[in-house]
Each structure stands twice: as structure tokens, then as C-alpha cells.
There are 2 protein chains.
Amino acid sequence: MKIAIAGAGAMGSRFGLMLHQSGNEVLLIDGWAEHVQQIKEHGLQANFNGKEVEAKLPIVLQSEVEKEDQVDLIILFTKAMQLEKMLQDIQSLIKKDTEVLCLLNGIGHEDIIEKFVPMENIYIGNTMWTAGLEGPGQVKLFGSGSVELQNLGDGKEAAAKKLADKLSESGLNAHFSDNIHYSIYRKACVNGTMNGLCTILDVNMAELGKTSTAHKMVATIVNEFAKVAAVEKIELDVPEVIAHCESCFDPETIGLHYPSMYQDLIKNHRLTEIDYINGAISRKGKKYGVATPYCDFLTELVHAKEDSLNVK
Amino acid sequence: MKIAIAGAGAMGSRFGLMLHQSGNEVLLIDGWAEHVQQIKEHGLQANFNGKEVEAKLPIVLQSEVEKEDQVDLIILFTKAMQLEKMLQDIQSLIKKDTEVLCLLNGIGHEDIIEKFVPMENIYIGNTMWTAGLEGPGQVKLFGSGSVELQNLGDGKEAAAKKLADKLSESGLNAHFSDNIHYSIYRKACVNGTMNGLCTILDVNMAELGKTSTAHKMVATIVNEFAKVAAVEKIELDVPEVIAHCESCFDPETIGLHYPSMYQDLIKNHRLTEIDYINGAISRKGKKYGVATPYCDFLTELVHAKEDSLNVK
């Protein structure tokens with residue numbers, strides 16, 4: 001199978017590498033020139049569960065995708081704010097039958113993808129795999145994970161299941177879901193609580209969990225997500241989702257980690273994805289007439305923090 | 001006149017010094033042993049508009065106030081969370097005719113004072129004077145200011161005016177107000193926006209003002225204060241109050257300063273007064289059935305920050 005990974009950062013590189021190792025023809029596409037250059041010259045260098053791996057994967061700058069390139073599947077793995085630009089740049093790659101699988105963090109990306117891809121070819125999902133970018137061309141890939149995905153197009157369940165099987169052949173542990181929007185909202189609640197709160201308070205997840213007000217803040221934010229989801233006929237099990245979010249506090253598992261938004265903004269002074277997590281809930285809330293003040297305020301605080309650090 | 005200053009920190013010391021300089025008999029009362037000891041041994045040392053002043057003012061630990069001490073007026077100048085303990089400790093000083101003037105920052109202190117002082121003897125106000133504590137027994141007093149005050153007791157307007165005149169004799173520039181609750185709410189809006197936001201975002205007021213979301217956050221918080229005040233028949237001029245708050249952004253005036261809450265928590269790792277500013281609005285909102293989500297969330301964030309810094 002010919003597969004393009006549109007957005008070859010840490011997670012895109014993981015998927016690209018694993019799909020390549022099981023015999024697929026993989027093309028990496030990215031917008032970061034230094035990263036692209038490194039992989040062109042030295043291959044993708046991965047610490048893959050402790051073993052050093054070098055994979056000679058073809059990679060191209062997204063602005064230099066060739067008209068004659070052709071793939072069966074595109075997996076979207078950009079940062080949320082880079083999605084639309086990526087789709088514009090790779091438009092020539094999206095043919096009548098090209099399947100497009102979106103695995104970005106956050107909510108509502110299908111609104112953008114639909115502008116470029118016919119609905120029947122769109123699959124959305126989320127993943128529990130993790131990955132870390134060590135530097136240009138270098139990734140660190142540890143642990144295990146899974147993928148859930150579903151078709152957006154009517155009658156494409158069989159194709160979605162086939163796509164999941166295809167990914168599982170590479171060890172990606174993918175499953176068809178008949179309720180992917182539930183899973184996406186559930187995961188977005190984790191990001192919508194841990195990311196923004198740890199970033200603003202300058203703490204890791206275990207430290208957040210130890211504060212006297214963490215539970216009240218997490219519960220209020222999850223309730224806002226649930227009210228918005230309910231308008232879309234997705235009924236979150238609120239106590240379960242709150243417990244799921246708060247399981248991140250455990251220092252024995254992932255509590256000592258700083259969430260990705262903290263790493264983006266506080267550590268690396270990069271823009272955050274807040275507009276596609278809490279900000280997406282604010283926009284939907286406005287559209288649906290549902291009040292989402294904690295999501296509004298948290299989005300504003302994170303933007304103010306971006307501004308104060310001069311991140312653009 | 002015999003005047004006790006209950007809470008002889010920076011502002012209490014200013015008032016004590018100025019009242020002493022114009023011939024009143026002033027007794028300082030405070031709970032900080034090191035500060036009390038310094039003033040006992042070396043007097044109050046003040047840089048008063050650039051001039052070094054040493055004033056031999058009597059000072060006593062609040063736990064050691066004597067039954068036979070007697071004063072005409074007590075000016076309350078504690079931190080908000082220390083008010084009730086102070087009133088308990090100085091209870092023997094509060095006689096049938098002792099006037100009590102509360103000049104604390106924040107909202108709703110009269111609810112506590114009423115437990116110790118008959119309503120007809122209570123005066124509340126606020127002040128635009130500033131003061132800085134340099135260390136135990138040492139204060140820095142610059143610039144000019146003013147005081148507004150009003151009686152809580154019926155028919156005590158004349159007494160309130162007399163009290164203002166008395167303060168003005170010492171240069172404190174005090175005025176009777178017939179709408180002190182308006183002034184207190186207006187000042188609380190400044191504290192309720194600048195203090196919490198600068199503390200959580202780790203910025204000074206000018207930096208806050210430069211962020212893209214500052215205006216939205218300030219306006220939303222002021223609107224919550226206004227909704228709560230309206231239940232108490234105090235109709236804030238919201239656009240004027242927002243402009244008043246945002247005048248703090250000006251780097252030419254006070255924009256480059258970090259508000260007192262930032263200094264308390266981030267610089268000195270002390271507990272904040274958030275429960276008596278945004279937290280007071282949250283409690284009143286709950287009581288009145290008025291939603292105050294930005295004040296709720298900001299109070300929770302500041303408490304989480306206190307907890308994460310292990311401040312107790």
C-alpha cells in the first residue's frame with residue numbers, strides 16, 4: 001500500500017516507521033525544512049523501544065509535493081493549526097479514491113478536511129500511541145498504544161474495518177469504532193483539563209492533582225465538554241470521564257509528566273493547540289447557545305501566556 | 001486623640017506615622033513578632049518621601065493587648081484573612097464608644113466586624129495611599145493619596161465627616177462618601193482583575209495589557225462584579241470601571257509594577273487575599289443566584305498556585 005504521512009513529527013514518524021517496517025511504501029511529508037533535510041541526508045533516526053533504528057524513508061517538503069505523486073492513503077498528523085495549510089499544499093495528492101485518515105488531537109477537524117476531501121473518503125480516529133521528537137530527524141518511540149477509527153462516509157464501515165486491519169498488520173493495534181466521536185470527546189477532555197491547567201499553573205499532572213481545587217476545575221471543564229457534546233447527541237458518562245482525566249494525576253503512571261501543551265509553550269515557546277481543544281468547545285458552545293465559561297477563560301489565559309512569551 | 005492601628009504593616013505604619021506626626025497618641029498593634037520587636041527597639045524607620053524618619057511609636061503584639069488600654073479610634077489595616085483573629089485579640093480594646101474604621105482591601109469585611117463592634121460605631125472606607133514594607137520595622141512611603149469613608153450606622157454621617165476631618169488634619173486627605181460601597185466595589189474591580197491575572201500569568205500590568213485577550217478577561221470579570229453589586233442595589237458604571245481597571249496597563253504610570261498579590265504569592269510565597277476579592281464575589285454570587293464563573297475559576301487557579309508553591 002502507498003501511504004503518505006502528512007505531518008511527520010514525532011507521531012507521524014512513528015506511524016511512518018511502523019508502516020514501512022511491515023512492507024508498505026511510505027512517503028513522509030512535513031513543513032519543517034531542517035527536519036526534512038536531516039531525514040533526506042541521514043534517514044529517520046529512531047530509538048525504537050531502546051533499539052537504534054535508521055530508516056531510509058522518502059520525505060518531501062509539503063510545499064514541494066509533486067503532481068505525479070500518488071498514494072492510496074493519507075494519514076494526517078499535523079498540529080491542529082497546521083492542518084488547513086497542509087491540506088492546501090498536498091491537494092494534488094488527494095484523488096477521487098484516496099482515503100484520508102485524520103488522527104490529530106482535538107475536536108472538529110472534519111470541518112476543515114471536508115473542504116478538501118469527499119466525505120466518503122474521510123476516516124477519523126484517535127490514538128493512544130505516544131512519541132517524542134528529540135531533534136530534527138530524530139525520534140524516541142517507547143511503549144505500546146492503540147488506534148480507534150471510524151468512517152465519516154455512509155456505508156463505509158467495511159472500508160473502515162479494512163483500514164484498521166491494515167494498520168494492525170504493522171503492529172499499530174487499530175480497531176474500528178462505531179462511536180468514534182465519543183472517544184474523541186473523551187480524549188479531548190483529558191487534553192482540555194491537563195494541558196491548559198498544567199500550562200497556566202506551571203506544574204506537572206501529579207502536582208496539579210495535589211492542589212485543593214484541581215477536582216473542581218476538572219469537573220467543571222468536563223461538564224462543559226459534556227454539555228456541548230450532548231447537543232451533538234453524544235452523551236458523555238461524566239463521572240467516568242472525570243475519573244479518566246484524573247487518572248493522569250497518578251505519579252506511578254504518567255503524573256510526573258508535563259502535558260504536550262506545557263512542553264510546546266513553556267519549554268519550547270511554541271504556539272499551543274488550545275483553539276482546537278478548549279477553544280473548540282467555546283466556539284461550539286457559542287454556536288449552540290451553551291455557556292462554556294471555564295473553556296472560554298482557559299483559552300484566553302493560554303493565549304495571554306503565548307502573547308506574554310512573545311510566541312507567534 | 002488616641003488611635004490604635006490594628007495591623008501595622010506598610011499601610012498601617014503610614015497611617016500610624018502620619019497621625020503621630022500631627023500630634024495624635026498612636027498605638028501600633030501587629031501579629032508579626034520580629035516586626036514588633038524591631039519597632040520596640042529601634043522605632044519605626046521610614047523613608048518618608050525620600051527623607052529618613054525614625055518614629056518612637058509604641059507597638060504591641062496583638063496577643064498582648066492589655067485590658068486597661070483604651071483608645072478613641074481603631075483603624076483596621078490587617079490582611080483580609082487576619083481580620084477576624086485581630087478582632088478577637090483586641091476585643092478588650094473595643095469599648096461601647098470606640099469608633100472602628102476599616103480600610104482593608106476587598107469586599108464584605110463588615111460581615112466580620114459586625115460580630116465584634118456595634119453597627120453604629122463602624123466606619124468603612126478605602127484608600128488610594130500606597131506603602132511598601134522593606135523589612136521588619138522598615139517602610140517606604142512615597143507619593144500622595146486619599147481616603148474615602150462612610151458610616152455604617154444610621155444617623156452617623158456627622159461623626160463620619162468629623163472622622164474624615166480628623167484624618168485630614170494629618171494630611172491623609174480624607175473625605176466623607178455617601179456611596180462608599182460603590183467606591184469599594186470599583187476598587188475591588190481593579191484588584192479582582194490585575195491581581196489574579198498578573199499572578200497566574202506571571203506578568204506585570206503593562207505586559208498583561210499587551211496580550212490579545214486581556215480586555216475580554218477584564219471586561220468579563222468586571223461584569224461579574226457588577227451583576228453581584230446590582231443585587232445589593234449598587235449600579236456600577238461598567239464601561240467606566242473597565243477603563244479605570246485598564247488604566248493600570250499604562251507603563252508610564254503604574255503598568256510596570258507587579259500587583260500586591262503577585263508580590264505576596266510569587267515573590268514572597270505568602271497566602272493571597274483572593275478569597276476576599278474574586279472569592280467574595282463567588283460567595284455572594286452563589287448566595288444571590290448569580291453566575292460568576294470567571295471569579296470562581298480565577299479563585300480556584302490562585303488557590304491551586306498557592307498549593308503548588310506549598311504556601312500555607
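Using the three backbone atoms N, Cα and C, a Cβ is placed for every residue, glycine included.
In TrEMBL, annotation is done automatically, which means it is predicted and not curated.
Residues annotated as domain 'Ketopantoate reductase N-terminal' in TrEMBL: A:3-152. Here TrEMBL flags A:Ala10, A:Met11, A:Asp30, A:Lys79, A:Gln82, A:Asn105, A:Ala131, A:Arg270, A:Glu273 as NAD(+) binding site. The domain 'Ketopantoate reductase C-terminal' feature in TrEMBL is assigned to A:179-306.
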Task: Using all protein chains in view, find how many other C-beta atoms are within 10 Å of the C-beta of A:Asp30 (NAD(+) binding site).
output: 23
Task: Work out the three-state DSSP category of A:Asp30 (NAD(+) binding site).
output: strand
Message: DSSP secondary structure for A:Glu273 (NAD(+) binding site), reduced to helix/strand/coil, please.
response: coil
Query: Over the domain 'Ketopantoate reductase C-terminal' (A:179-306), what is the model's mean pLDDT?
result: 96
- prompt: When a 10 Å sphere is centred on the Cβ of A:Ala10 (NAD(+) binding site), how many other Cβ atoms does it contain?
  reply: 19
Query: So how many other Cβ atoms are close to A:Glu273 (NAD(+) binding site), meaning within 10 Å of its Cβ?
result: 24
- line: In whole Å, the longest Cα-Cα distance within the recorded NAD(+) binders A:Ala10, A:Met11, A:Asp30, A:Lys79, A:Gln82, A:Asn105, A:Ala131, A:Arg270, A:Glu273 is 19
- prompt: Do you know the DSSP helix, strand and coil residue counts for the domain 'Ketopantoate reductase C-terminal' (A:179-306)?
  reply: 94 helix, 0 strand, 34 coil
Statement: DSSP says A:Ala131 (NAD(+) binding site), in three-state terms, is coil
Query: Are there residues of the same chain, six or more positions away from A:Gln82 (NAD(+) binding site), whose CB falls under 8 angstroms from its CB, and which are they?
result: A:Gly7, A:Gly31
